[in-house]
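Chemist: Below are the features listed in TrEMBL for this protein:
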- 294-499: domain 'TM7S3/TM198-like' (DOMAIN)
- 1-22: signal peptide (SIGNAL)
- 291-308: transmembrane segment (TRANSMEM)
- 315-335: transmembrane segment (TRANSMEM)
- 341-362: transmembrane segment (TRANSMEM)
- 369-390: transmembrane segment (TRANSMEM)
- 402-422: transmembrane segment (TRANSMEM)
- 434-456: transmembrane segment (TRANSMEM)
- 476-497: transmembrane segment (TRANSMEM)
């Protein structure tokens with residue numbers, strides 16, 4: 001009898017022992033809070049179902065994410081206007097009726113290809129705010145999605161305002177009837193950012209990241225809160241674009257009065273396209289850029305260890321970087337040219353700039369003027385590094401271009417003052433720091449590293465007038481710490497080596513033109529110098545021609561030596 005009792009209990013427990021996530025033919029079942037990977041065949045439509053919903057749940061959301069193929073999420077099997085969303089990150093919100101115990105949606109692949117993604121159902125109570133319930137600009141009536149756009153300079157996210165929660169079957173409070181403390185205007189929005197592993201474009205990495213930050217708890221524990229928006233601010237935020245770096249953005253809406261919260265559906269971006277034939281996410285980096293920065297890295301390695309010893313080569317490299325950078329900014333802001341053409345023109349102008357700097361030192365011999373230019377290069381890097389830190393994301397710098405550029409120029413101009421007192425040490429310091437950073441940029445042409453954004457963020461702000469509002473935070477992961485180590489080791493090694501080698505040499509090599517002038521004056525005024533009696537070059541050439549045209553007669557008498 002006892003055995004039969006145990007068998008009966010096992011039969012009752014079998015439904016509970018089934019896998020939490022099942023995908024049958026044309027149907028997939030979700031449990032709240034349990035992520036599930038779903039694969040849809042070509043032109044296949046799946047019914048997504050969640051059942052046994054507790055009575056204290058007021059609304060549920062379904063989110064579905066793919067890496068690079070769109071998927072359609074709809075309330076109905078046959079698509080109706082305003083009832084579906086097609087995107088790589090899509091979600092729907094369903095408010096429950098008093099006796100409702102289950103909800104179903106429909107998933108389909110509109111692109112004519114099979115789609116694999118990850119889905120998740122979240123449930124919320126009546127005290128939780130409703131994400132996107134006061135939508136007035138997107139297609140869905142209640143839109144809990146976060147929309148992302150990107151270009152070369154910045155990535156922006158936008159979402160619809162939320163509303164206060166309500167019980168099942170109760171009409172939600174109006175969105176814009178008043179702005180009192182008992183309305184949705186008391187809600188606050190925390191914008192979060194979560195970086196995927198660098199140089200990892202795998203689908204597994206993306207799905208793991210989205211599952212980790214899909215709800216409020218995971219987002220607050222693992223994501224980084226960037227800013228908090230109040231009811232007086234627009235529901236959007238801007239960030240610097242990092243092509244090839246996966247980033248997940250999401251928003252948590254909080255009700256400070258009831259101490260409740262709900263999360264919008266996260267959205268991801270790599271700031272590049274997987275479908276593009278040129279500059280695909282998997283093949284980022286143009287050949288012209290790789291060639292330029294490879295040569296720059298080799299030149300930087302040479303300058304790092306031998307720049308001060310070969311002063312003319314160092315001046316050429318510094319003049320090249322100075323002229324090429326500012327001409328690239330100028331031509332980009334004033335002309336619509338192809339990227340490769342702009343890069344070639346900038347390189348040509350950079351060569352001219354390097355030649356002009358070298359010739360100015362060769363002709364005038366003003367070491368201090370050239371060293372000031374070198375100091376400005378180091379000041380540019382130092383100012384960029386200062387504003388690359390979290391200091392650059394302060395509101396005072398993001399909201400005012402004047403404050404940002406005044407601060408930047410102040411740091412840039414303070415650094416060359418060090419060169420006035422210690423010109424040789426400052427020049428060697430610049431060779432080590434800038435030369436090692438050029439090596440880092442060369443590595444970045446092949447393997448992504450966040451250190452390139454030290455100067456790239458400044459370049460973006462030069463080129464894009466609207467970039468000031470963007471957050472410039474970038475991830476720091478293993479490869480970044482490796483490249484910091486490489487930068488420090490190369491820089492310190494180059495500085496120490498050059499200081500040791502140049503300790504007994506003159507501070508700077510003399511100007512060749514001034515040396516030639518001094519030598520010429522010495523020959524003209526010093527009568528004891530045999531070179532003083534040499535005929536001039538025209539006379540020597542004329543004498544040589546005369547020797548070829550006529551035979552010189554012997555002068556005097558030749559007699560053999562007497563023994």
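Backbone N, Cα and C define each Cβ position, glycine as well.
Surface or core, plus neighbours and distances: that's what I need for these features.
Modeler: Taken together, the residues in the domain 'TM7S3/TM198-like' (294-499) have a mean pLDDT of 87 on the 0 to 100 scale.
With a threshold of 8 Å between CB atoms, the same-chain residues lying at least 6 positions outside the transmembrane segment (341-362) that come near it are 288-289, 292, 311-312, 315-325, 327-328, 331-332, 369-370, 373, 511-513.
Within the chain, the transmembrane segment (402-422) has long-range Cβ neighbours (under 8 A, six or more residues past its boundaries) at 368, 371-372, 374-376, 378-380, 382-384, 386-387, 396, 458, 461, 468.
For the transmembrane segment (434-456), same-chain residues at least 6 beyond its ends with a Cβ under 8 Å from one of its own Cβ atoms are 198-199, 240, 242, 244-245, 284-285, 289-290, 293-294, 296-305, 307, 318, 321, 377-378, 380-381, 384-385, 388, 472, 474-477, 479-480, 483-484, 486-488, 490-491, 494.
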Chemist: So which residues does the transmembrane segment (369-390) touch in its own chain, when a touch means Cβ under 8 Å and the partner is 6 or more beyond its ends?
Modeler: 314-315, 318-319, 321-322, 357, 360-361, 397, 404, 407-409, 411-416, 418-419, 423, 426-427, 429-430, 433-434, 437, 453-455, 457-458, 472-473
Chemist: Would you kindly list the residues that approach the transmembrane segment (476-497) from elsewhere in its chain, counting only those six or more residues past its ends and only Cβ-Cβ distances under 8 Å?
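Modeler: Residues 195, 197-199, 301, 304-305, 307, 428-429, 431-433, 435-437, 439-440, 443, 447-451 contact the transmembrane segment (476-497) from elsewhere in the chain.
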Chemist: By a Cβ-Cβ criterion of under 8 Å, what residues six or more beyond either terminus of the transmembrane segment (315-335) are in contact with it?
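Modeler: For the transmembrane segment (315-335), the nonlocal Cβ contacts are 296, 299-300, 303, 307, 342-343, 345-347, 349-358, 361, 370, 373-374, 376-377, 430, 434, 459, 462-463.
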